[in-house]
Every structure is written in C-alpha cells, then in structure tokens.
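Here's the structure, in structure tokens; my notes come after.
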Amino acid sequence: MNCLIAIALSVSFFLVGIVGPIQAQLQMNFYANSCPNAEKIVQDFVSNHVSNAPSLAAALIRMHFHDCFVRGCDGSVLINSTSGNAERDATPNLTVRGFGFIDAIKSVLEAQCPGIVSCADIIALASRDAVVFTGGPNWSVPTGRRDGRISNAAEALANIPPPTSNITNLQTLFANQGLDLKDLVLLSGAHTIGVSHCSSFTNRLYNFTGRGGQDPALDSEYAANLKSRKCPSLNDNKTIVEMDPGSRKTFDLSYYQLVLKRRGLFQSDSALTTNPTTLSNINRILTGSVGSFFSEFAKSMEKMGRINVKTGSAGVVRRQCSVANS
C-alpha cells in the first residue's frame, strides 16, 4: 500500500510538473478576460497611423526581430539606460525606429487595463497588424508574453545578425534561436518593405577589402547608381535607401528577384545565394505564388515570436515600456 501511495504521489508531482509549463505557454486571446479589448486597441491604433507612416511596418517588424534575438521576445529592446548600455544603445539598434509608437500604444492600454498587457505582446501584435494593413501576410500571434528585466547592449551586439554577415554567421545566429536556413530566407523576405541607412552598406561600395574597392558580389550598375544618386560617400549616415526600390510599399517577391540579380543591398542579402539550401529556397519561393510565400512567411514569424518567451512568474508586465520595473 505504501508503495502504491508513493507511486501515486510521484505521478501526481510529475503531472503537476507537466501541467505547470503547459499553462504558462502562450495562447490565443490570452487577455480575453483581463483586458478584452487589448488586441483591438493595438489594431485600431496601428490602423489609424500606418497610412500616414508607410515605413511603420518595416520599422516594427525589425524591432520585433531585434527584440526576439536577444533574451527572447521579452520587450527588452525597449528599455532605456542612463548609463548607455541597454540593448537599444547597441550599434544594431541605433537605427531601430518605433519606440515612441509602442510607448503610445502602451499608454492607451494602461488607461484601459493598468498593468495587464506586456510590452513584449504589444511589439508582437503591432508588427503583425502593421504588415497586414500594408497588404502583407497575416499570422497568428498568441499572447501571454511577460517583459524581461534585463537589457544588455553587449548581448544585442553578439546576437543580432549585422548586415555584413556571411552565410556561416547567419546560419549560426539563427540556429542559436532555433531557426533554420528556411526561416532565414523567409524572414529575410521582410526586406521587401525595408529601408536602410547608407552606413549599413557603404563598405560594399567604397571599402570592401579594407583598402578601397567594391564588393564584387554587388551588381556593378546597381553599385554605380547607389554611389551617384544615394550614398556619395563612405561616411554617409543620414541618407535612407529603399531595400526593394520601386516596390517598398508592396509586400511581394521582388526582393528575392533582386537578390538573384546581385542587387540585394546588404552583404547578408547576397549571402543567401552562396549556400545551396538558401539558394534553393529562394528559387522555390519565386516559382510559387505570393499566397504560398505569405503562408510560409507567417509560419516563420510565428516561430520567431515564440523564441525564449517569458511567461507567468518568469517575467513582469512593465507599466512603462522604456523603464524596467524596480
């Protein structure tokens, strides 16, 4: 009898161990009872502003990406630091935009449901909604993320793929987050609505080898155009260039066509053609429909949105997205 009781207790504790994490997972409509209008508030706010800010979708999806790649999707990219060592102070995040936009959404939500909706969930929802309102793909965003307490510039520098990445570096950094080469190609497709400062790629135009010279992987005609019309010097850090010229406002397949023509703006774009798996994925996407691409892109976004999420007591809900709870 004692043996049976011991076994029963063991099973009971085992089940508690299983049920706990399951209950802590993300779920659709997480705020249905605690803040029923949360997702509509985010959606309406995005809808009211995206028409006046066509680059908003690209800015928010980039913020979501940069947030998830450092300590998971926990809103830590939003935290300000008086000492200048938070994630947003790291070089990859100096050109990230949308912080004020997320703060504004948070203020509306706090007025409706104080201390309920996390900043991490706001980023995930707003980035999806902004892309949808520009005619891009839709994807499921389960909620229940908690916000992180730590934001470290060095970690951002170590984990966010720079635009100078080769395929080996990209594969490693994506694998570190549980993403594969297919995800890399699909998520890179967001560059179709992206923009970049000249400083992110002028080394390809003026000093690729460190002793001057141009990146041979970049189409020479395209490079000449960039030099003469967009980025006249190596040190231009103000001019903004479309990553998918002429099609930036349309979420489509043209980015991949440019990559195959050696007209991807970043080295990391060109790198996608240097690996048989990534190249095969590009060709497969281009022979398929836009609808198929949207469906696959959605799956990779859903996968990215679950990276190392904090739920339950593992995180907090910040009252101000830019300030870590004391």
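Cβ coordinates come from backbone N, Cα and C, glycine included.
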Given that Swiss-Prot records D244, S247, D252 as binding Ca(2+) 2, the matching residue among T192, T202, T311 is T192
N-linked glycosylation site according to Swiss-Prot, picked from N93, N207:
N207
Name the residue from C198, C321 that Swiss-Prot records as disulfide-bonded to C231.
C198
Cα of C321 (disulfide bond) to Cα of P161 (substrate binding site), in Å and rounded, measures 24
For R62 (site 'Transition state stabilizer') and H191 (heme b binding site), what Cα-Cα distance in Å is obtained after rounding to a whole number?
9
List the residues of the same chain that sit at least 6 positions away from D252 (Ca(2+) 2 binding site) in sequence and have their Cβ under 8 Å from its Cβ, in sequence order, or write 'none'.
T192, V290
Same-chain residues at least 6 apart in sequence with Cβ under 8 Å of the Cβ of H66 (active site, proton acceptor), in sequence order, are V77, E87, P92, N93, V96, A156, I160
Neighbourhood of the Ca(2+) 1 site (D67, V70, G72, D74, S76): other residues with Cβ within 8 Å of the Cβ centroid, in order?
C68, F69, R71, C73, G75, V77, E87, A120, G148, S151, N308
